[in-house]
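Novice: Quick one: the structure is below, and I'll ask about it shortly.
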Amino acid sequence: MSLCLCLDDSVPAMGRKDSVWSLGDGQAPEELDKPIDSPPQSTLMVESPQSAVIPVGGDITFVAKVEAKDLLRKPTVKWFKGKWMDLASKTGKHLQLKETFDRLTKMHTFEMHIIKAKDNYAGNYRCEVTYKDKFDSCSFDLEVKEAEQGSQNIDIRSAFKRSSEGQEDAGELDFSGLLKHREPKQQDDTPEVDVWEILKKARPDQYEKIAFMYGITDLRGLLKRMKKIPREEKKSEAFAKKLEPAYQADKGGKIRMVVDLADPTVELKWYKNGQEIRPSPKYIFEHKGTQRIMVINNCSLNDDATYSVAAGDEKCSTELFVKELPVKIVKDIEAVKTTVNERIELECEVSEEGAQVKWMKNGVEVPTGVRSRYRVKCEGLKHFLVIDDASREDTGSYSIMATGGTSKAHVQVDLKPLKVFQDLQDEKVLLGQPIKLQCEISPGNVAGRWYRNGQLIQPNDRINIIHRNRVHRLEIAASTLHDAGDYTFVPEGYSQSLSAKLNIIDPPRVHLEGLNFPENTVTIVAGNKLRLEIPISGEPAPRVVWMKGERVILESGHRVHAETYGDQTSLTIDVTEREDTGNYKIVLQNEAGEATANIKIKVVDIPDPPEAPLVPVVGGDWCSMAWEPPKYDGGSPILGYFIERKKKQSSRWMRLNFDLTKETAFEPKKMIEGVPYEVRIFAVNAIGVSKPSEPSKAFTPLAVTSEPTMLVVDDVTDTTVTVKWRPPETIGAAGLDGYLVEYCIEGTDDWIVSNDQLTEKTKYTITGLTPGSKILVRVKAINAAGASAPRTIQHSVMVKEVIGDRPRSARIINGVCVCVCVQGKPRPKVTWLKEGNAIDPIHVSIRNTDCDSIIFIRKAERSHSGKYEMSVQVENIVDTAILDIQVVDLPGPPQCVTIEDVWGGNVALVWTPPKDNGNAPIIGYTIQKADRKTMEWYTCIEHYHRSCITITELVVGNEYFFRIFAENMCGPSDTATQTKKSALIVKEGMQLKTHEYSDHDFMEAPKFTQPLINTSAIAGYNATLNCSVRANPKVVIWMKNKMAILDDPRYRMFSNQGVCTLEIRKPSPYDGGMYTCKAINDLGEAQVDCKLEVKGGFTFYELMQRGVPLHLIDKYINEKIVDDEK
């Protein structure tokens, strides 16, 4: 026999399997409360409850605080007593749980109040806090002190009786019976037995047997009392701490049994019911210092046994109680619907045979006595509730309760149906005609009630209800639309009812008289959204068809679609186009007839784009263009044109005129030579700007090249002169087709073309010359743009053969090696001089042969530059020649770069040439720019020859620095000169320095080319009012009800190319009224008006939320009441 205790004292103990042992003080709390599978722990509590000691009858409060700084919602807190008793369901007069939150400190406070503590409230408690995947727990102890009382004054068998259910102390904390003094009952002549002495001498495994032998049912209270009785324990030599008297585990869980050895070297053996336990996956043995631990995994009912451990000759034992799982409902009861006098059987299946269940009806236990109408039976796992003769009172919600769950089902018991000889028939009645509904049922003495749409019908002057024998009739004198609906006749006392549908029909009509459309014509600007709402009537709701010509407009259309709802039909064109102009027809049909109406829609559009412009003349940086007006002007005169151009390879168009040009010709300027361009045109009327025309054919601004450079005589004979030159410094985008060589006799101006065809070489020989004559030679560069300026030899050339090759000028970059051929007999004598002085042989080497003379400089330096004189002597004949050697190097950077002006997206730069040109002419400059934010340099232009430039197409809002490299024939300079200041490109304040000229007077008095149109808007949806005005200058003022609209955030006003727009954001009925657009200048003024009607409305509260003043709300509500009365 083993001792078992029930967790909940309110339910009597059913046996060992449903009992729970109090773990007592045998194991450490950290070992007992260690969860098998728990969420990851993290610190949530900033203040934890602490252990405490109070006297019996005292009050105490345990506090746990959680900081809500990083939490999005309130954490979940649970309070436990022992290991599994949740105190949330035990609150009452002795236990209260409280939660508060401090918004200033962001702190959650959770409190547990124990009021008038009793002896059995003592024990181990635990507080758990969870938030999402975070978990925190804290254990604490409560000790309740009471005065010692001798056992001789207590009748133990009466004191440890279980307290009855429903009394004052039932349902408190651990549900144990309280240890109280009770008056001893009258006993029979049986001799007194001292149970205390028996229990003190007995082993713990005999407590249960002794308790039941002497009628003690409050085993838990008995054990707690036994703990407080001091006992003399014999000190164990082998065990420092023995096993607890008993252990408890859930079925499927695990349990740890711990002993502490006095001598760790002693051999230890574990036994179950006297059988030695061997290590296995189920039984795991652990050593921790002097502790010996046995872990039993996956506990089952077979593990419910006596366990002992032997250390040498000593042994200690304990009891393990395995708690069985609750009984669960396997098959739920099913709902039943039947009629009176039938048999009802409710069936349910549970998970265990012989399980105790309870049947309930509407939350009250079903009586199952001998005289009860309900019978309960059980067949194995199945449980039945039987009602033999059902009545309407048996209707209700039935449930079955087991320890592991509840199942519910509804039982419906109805009356048997009536006999219907004539049912109600659906009818259609023309509006204004009488209505008659009739049915015939049996029995005839059954009264009934008539309902329309679920509402009871009462007879009056217009409605008459008649009941004659089996006939029930409803008569209505003159039908109205409100009489339509579902009619039902319900006999009293029966669930069956008779129903019919009554339809009131009315011919359809279209109401165009309320729309302020002149001649039923609507005008709208193309591209805007058009929504026409036409009131209609008819019953049933007529079928509406919109048509344009023979084409039907569907509700599922994308851009153009029709809708019908309630007493309105609408035509919506999301984006109007010129093709939408025409006559529209509305056709209404229903059972009572047909109606039609016509509406005309006129769409005013922007003009068509002009044809592609022509570019007949092209210059170096300009061109002239012309075009024809567009074929269709959009129904409004053309006001002017915009011109744009772009580089052919670019996708960015640049507008050339910001004021409209009324002519059909234009001359763009400031184009980059050699870059292909395209131009296009926009036409503008009062409605807007057209789409762009097709781009013109690509054209390229071209210019002639600069003159050829370094023209020199290369060779002279008695009849020929050979000249050579270098290409022009500036060739341009047109390229270079060739050169034209011309000569003339000195003293004349007749230039003779030497080459009939252009030569691509930079060397040419003029033939057929007269010996001894002197000529001048010039060369022109030819390209597609024409001939360049000529390059002429400075001195005349005598046509006469020389003795040897005449030395020439040379530009040297690295080394010098010049070979001069000489002729003469006998061998000529050659001598070299530099600037009239002898040549230093250390730096310059000279080698003479019979036929040539070579001058060689291995590493040329700038100091080697100069004129070298060569003398050739044959006997008394001497010939001389000059060799000009120029040693060149990279140039230095420009001396100073300054920003001269900034306007629009343009910056004008000016700089001075470099101080050091590298002993060679500067052939160009490279200009770069960098945004101040990134300071990444980008090249704007290369090989630029002037010392000033205008950089265009800069981005508005950016700030730029510029730097410039100088370039000669050796290349660009190593460094660049940067501007000291930056250029900020701003949008406003652009100034253009132009020559003074007489401005054309464009002033014009205001004149509206497109008036405002009366408009209807839906409350809560933005509305716009549009008109177009022609005036210069112009000041546009918008007014509502003759009051100017100023700085109101609910209104936005736009003006673009003469089109004036007023946008009303989310209007309310208060925004309805007369709106005026007024244009004023010095030459006059003009104005147009329209009426705006806002459909839908707001309540007084909504108007207050929108900030509308009270006097305007009062005015709006009064106007609405007057309109409703009309």
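For all residues, glycine too, the Cβ spot is worked out from N, Cα and C.
Note that the coordinates shown come from a computational prediction; the quantities given were computed from them, not determined experimentally.
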Novice: Of 18-37, 558-577, 758-777, 858-877, which span is tagged region 'Disordered' by TrEMBL?
Specialist: 18-37
Novice: Would you list the DSSP helix, strand and coil counts for the residues of the domain 'Fibronectin type-III' (707-802)?
Specialist: 0 helix, 45 strand, 51 coil
Novice: Count the Cβ pairs between the domain 'Ig-like' (508-602) and the domain 'Ig-like' (1006-1093) that lie under 8 angstroms and are 6 or more residues apart in sequence, then report whether there are at least 3.
Specialist: yes
Novice: List the helix, strand and coil residue totals of the domain 'Ig-like' (326-412) as derived from DSSP.
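Specialist: The composition, in the requested order, is 3 helix, 47 strand, 37 coil.
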Novice: Pull the DSSP breakdown for the domain 'Fibronectin type-III' (609-703) and write it out as helix, strand, coil residue counts.
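Specialist: Split by secondary structure, the domain 'Fibronectin type-III' (609-703) comes out as 0 helix, 32 strand, 63 coil.
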